[in-house]
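**Student:** Just passing along the structure, written as structure tokens.
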Amino acid sequence: MSIIAEVKQAPSLFQGAQRRAYGEKPTLRRYITTRMNFGLCLTKSQAPTISRVKAPKSVTTGSSLTLRCKAKAKPNPVFQWFRNGKEIFSERGQRIKNSKRGSRLKISKAELDHAGVYVCVASNAVGEASKNVTVKVTAPQKIYKACEKQTYCFNGGTCRYIQEMQQTFCECPASYEGKRCEKQIAHRSILTGEATLLYERTLIIIGIVVAVLVFIVICIASYCLANRRRKRFEAKRRLRRQQGGPEADALLDKTDGHGGIPQPQFAPSFKPLVQK
């Protein structure tokens, strides 16, 4: 549909807007200019893209915590901050400062409750983007004063004094423990990896030994079975000789070494043909 047809079909829709913009009756030229500017505005619009969220990985309680979020968008985005799924607002000890291309969240004194996942959300009419970062808040380790005389602890331990409780204690080396570092820690000579390797080697050796034993048992069983068959054959042969007399002995002598099959007898002058 052409621009002229749009103006003819819906004149009241554009006349009010043009009167408010120009204070007079709209013309076709002004309408075309307005549409071109509006289309150009739409083509240049861009959804937000967050380049980075800068924040320390860990802070101690009582120190300041600052998070920065930078984004690019057209029109300029609106920023929001969330911690563990709950939106954060500016309040006492916590301030959010937004600019055209970034936002800054500053907590003057961090506490253990301020640890968690922080999410920066940037949004405009075209779309929105978000990026998160994890921050840990740890309590600082209190350092107690050393004792004036370092004779209380044994084996190189450091004696320290708790003024609030008026009590001394020992910081022992890695190889000692106890109230006065008097006990030596037994070192493990076999680590987890070495124990696993030793276990696997033991299984392999046991498998080889079992396989050799099975082979020996099979060989012994085969020998015993063959020996029993040979004895049975000799017993049957002896029985036949006793029952058959001298003729049976001669027949058995002829069949020995030929599997029990009598060999053919040839005349002295006959030579059998052998095919080569």
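Heads up, the Cβ atoms here are built off N, Cα and C, so glycines get one too.
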**Student:** Going by the disulfide annotation in TrEMBL, which one of C170, C172 is bonded to C153?
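**Tutor:** According to the record, the bonded cysteine is C170.
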**Student:** Regarding the disulphide bond with C181, report which of C159, C172 TrEMBL records as its partner.
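**Tutor:** Looking through C159, C172, the record in TrEMBL gives C172 as the partner of C181.
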**Student:** Considering every residue in the domain 'Ig-like' (48-138), what is the mean pLDDT value?
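**Tutor:** Residues in the domain 'Ig-like' (48-138) carry a mean pLDDT of 93 in this prediction.
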**Student:** For C170 (disulfide bond), just count the other CB atoms lying within 10 A of its CB, please.
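**Tutor:** Looking across every protein chain shown, the total is 22.
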**Student:** Give me the Cα-Cα distance between C170 (disulfide bond) and C181 (disulfide bond), rounded to a whole Å.
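**Tutor:** About 7 Å separate the Cα atoms of these two residues.
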